[in-house]
Amino acid sequence: MIKPTFLRRVAIAALLSGSCFSAAAAPPAPPVSYGVEEDVFHPVRAKQGMVASVDATATQVGVDILKEGGNAVDAAVAVGYALAVTHPQAGNLGGGGFMLIRSKNGNTTAIDFREMAPAKATRDMFLDDQGNPDSKKSLTSHLASGTPGTVAGFSLALDKYGTMPLNKVVQPAFKLARDGFIVNDALADDLKTYGSEVLPNHENSKAIFWKEGEPLKKGDTLVQANLAKSLEMIAENGPDEFYKGTIAEQIAQEMQKNGGLITKEDLAAYKAVERTPISGDYRGYQVYSMPPPSSGGIHIVQILNILENFDMKKYGFGSADAMQIMAEAEKYAYADRSEYLGDPDFVKVPWQALTNKAYAKSIADQIDINKAKPSSEIRPGKLAPYESNQTTHYSVVDKDGNAVAVTYTLNTTFGTGIVAGESGILLNNQMDDFSAKPGVPNVYGLVGGDANAVGPNKRPLSSMSPTIVVKDGKTWLVTGSPGGSRIITTVLQMVVNSIDYGLNVAEATNAPRFHHQWLPDELRVEKGFSPDTLKLLEAKGQKVALKEAMGSTQSIMVGPDGELYGASDPRSVDDLTAGY
């Protein structure tokens with residue numbers, strides 16, 4: 001049997017040489033879809049419904065809901081609850097995120113369930129005595145947690161757009177928590193690498209994820225009895241159990257005992273918000289993504305508007321000229337991000353100006369295909385924050401054509417590492433996504449301005465970008481990714497790879513990626529690009545830095561006949577796309 005790693009190399013080499021494997025050329029699919037690990041350049045295929053997520057067990061939960069007659073929203077909520085059990089690195093009840101929904105009728109809406117700063121939060125709460133940001137406070141203390149939004153967001157989506165009752169879609173997650181599941185490679189590796197930094201510091205957490213003084217290993221069974229009880233209460237009593245009931249008591253008491261800020265009043269006051277998506281037109285395709293407090297949608301559309309002024313297809317995938325143009329466009333977008341983006345309920349975000357094609361043309365006119373502009377010479381445009389890599393994204397499409405893209409997170413891996421009392425629920429460290437000191441880069445190098453300063457009841461800025469692309473009025477691509485500041489450029493490349501270069505969803509997923517975020521002034525690249533191309537980029541003035549893999553897209557493409565083509569990212573272990 002040919003090893004998957006060899007197939008990956010073949011696929012990447014083929015992409016770099018200009019070869020293109022079309023979805024139509026794929027061999028006949030077996031009755032049940034298979035994981036992309038088995039074949040990296042042919043998508044998974046299905047006719048009725050499809051789920052792509054970072055965890056195989058959660059994916060199967062979603063497929064089962066679809067088979068039982070649930071729609072894409074029902075399946076998405078079920079997957080979200082399942083990931084809170086099987087992928088505690090980022091799947092959560094104690095965090096937040098965004099959901100993008102496109103109905104079979106063509107209506108598109110966004111659900112914002114981003115965490116909110118507690119009412120007692122203050123602008124300078126994460127500064128030390130010298131006025132400098134203290135990352136321990138904003139990452140690992142009880143002060144680091146914002147009021148969670150996941151449970152409220154899932155219920156808002158399910159009540160308005162789903163067809164199944166809450167207890168039905170929570171049931172699979174409850175069983176997984178109660179009965180346990182086998183720890184896979186991904187969870188075992190993350191417990192050892194990242195969990196060891198935060199989980200053993202808290203007895204509640206250690207009792208769940210540690211055994212005999214060590215983190216659980218691959219093959220161990222992880223049972224989460226307290227989390228099962230919390231899920232059972234949510235299933236029976238709805239989101240009020242989390243925000244006003246026993247679970248709220250557990251969270252508030254955990255905070256009160258340990259110097260945190262979240263109160264019962266903060267929890268009771270939390271509301272998920274339905275917002276109008278950001279949208280733009282790119283070469284005849286309509287691109288929908290998240291509005292603020294996500295910066296993702298605005299800047300994906302902004303960069304696409306800039307690229308529309310160039311013949312990207314002519315330059316070709318992986319060429320120095322194409323990468324130069326995209327990197328320069330990204331610099332301008334990230335510079336604007338630092339200045340203008342924040343919670344739209346608190347600051348006026350000039351999204352219409354930022355996504356205006358005339359503004360994009362003015363930026364395109366400044367891009368020199370032969371010479372990189374130093375970031376120090378770029379300032380936010382004249383118009384008429386730290387994010388973790390351990391977010392998770394999943395995509396769902398059902399038999400009727402409803403589509404859902406969800407990106408949610410605890411922020412860093414396992415969040416604060418703190419489990420609230422006996423709830424079994426890990427708490428986020430999302431407060432670190434605010435600009436603790438405007439103008440000072442966070443751990444990811446992202447610079448934030450006053451618009452994203454800490455404030456009571458405010459939602460921190462995010463790059464999470466669940467995205468749906470429409471062709472001829474029909475859903476064409478559902479995608480998204482984790483990756484912190486690199487989410488925007490990862491999703492951008494999925495769109496450009498698919499539209500401009502004609503890659504199928506598996507090829508677009510497997511193609512090597514690159515990223516520029518203005519500051520630091522470096523062009524970050526994955527392995528897989530031609531050394532000659534990188535030398536040409538350096539000759540153009542780019543500061544090329546070879547770094548580890550970025551992103552983990554989970555994507556579904558819809559063919560003209562309605563057939564579904566999906567791909568999970570081989571950069572992640574144990575993810576799965578499946579359908580029926």
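In case you wondered, yes, glycine gets a Cβ from its N, Cα and C as well.
Binding of L-glutamate is attributed by Swiss-Prot to T409, N411, Q430, D433, S462, S463, G483, G484, and within the candidate set R45, R102, R114 the record adds R114 to that site. For T391 (active site, nucleophile), the nearest neighbour among the binding-site residues R114, D433, S463, G484, judged by Cα separation, is G484.
Residue counts for the region 'Disordered' (561-580) under DSSP (helix as H, G, I; strand as E, B; rest coil) come to 0 helix, 9 strand, 11 coil.
Secondary structure at T391 (active site, nucleophile), as computed by DSSP, is strand. Residues R114, T409, N411, Q430, D433, S462, S463, G483, G484, recorded as contacting L-glutamate, have a largest CA-CA distance of 17 Å.
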